[in-house]
């Protein structure tokens, strides 16, 4: 029995801007994302019976049809008339409900893995089309790397630049639901983020410009709910981080550091402050 293992890296937002609200009630976002080497692992194995089985080592994860990984398998089986079943094992390292795209990355890894397992020979465009049907972050996660994202997550422009940085992550012991953040957005008063300046800094390998322009338009809303997020940011900067920023809708905060020594100082400053602290690198 042949199994396929795919790595599912987490992502952080170097920039997140809200452009406005669409007629359908959703918001147009513009983001810059980059993958980090904190990863889940997705293992898919064939089953003779026509079933979809999901296992996970994380008790917080649903292992039924509510899981995006299940939705991916069901959609691919239906779209490409696959009659055999599949077992999907999720080894979780990325915190859940953390704004780091763990669920989306797992779904993307499942698309890539099933493409191999069932020899579908899907193009990148075809895999992205499946991802769009699952969730807005999934198309980016299929390619991963460093990219500018627009629209519903389907406009992906890979950035020709290399950010080699240490990243310290802090996941507070509470979650923030993205669905509850967006109704509070007032596009007339939120802090805007210059996404073009971030892209230019990355393409020009200008680290100083990058940290100057990084920002997250959702930060003020999430911090108003959970002031602890600001305390984490302040603590990281005080310990020597070049910049500290919330990723996604939170609550996870990350710090960028150019040296491992610097990252160790930041890591040690927050290690006793929160239970979930990670020191990783950009991919």
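Just so you know, glycine gets a Cβ as well, placed from its N, Cα and C.
Features reported for this protein in Swiss-Prot:
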type	residues	note
ACT_SITE	11	active site
BINDING	95, 96, 97, 98, 99, 100, 101, 102, 103, 104, 105	ATP binding site
ACT_SITE	137	active site
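Where Swiss-Prot records a feature, it is marked here on the structure.
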residue : record           : Cβ neighbours (10 Å)
11      : active site      : 29
95      : ATP binding site : 21
97      : ATP binding site : 18
99      : ATP binding site : 28
101     : ATP binding site : 27
103     : ATP binding site : 26
105     : ATP binding site : 28
137     : active site      : 24
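DSSP assigns residue 11 (active site) to a strand in the three-state reduction.
Look at residue 99 (ATP binding site): DSSP puts it in coil. Excluding the listed site residues 95, 96, 97, 98, 99, 100, 101, 102, 103, 104, 105, the same chain places 10, 94, 248 with Cβ atoms within 8 Å of the centre of the ATP site Cβ atoms. Cα of residue 101 (ATP binding site) to Cα of residue 137 (active site): a distance of 7 Å.
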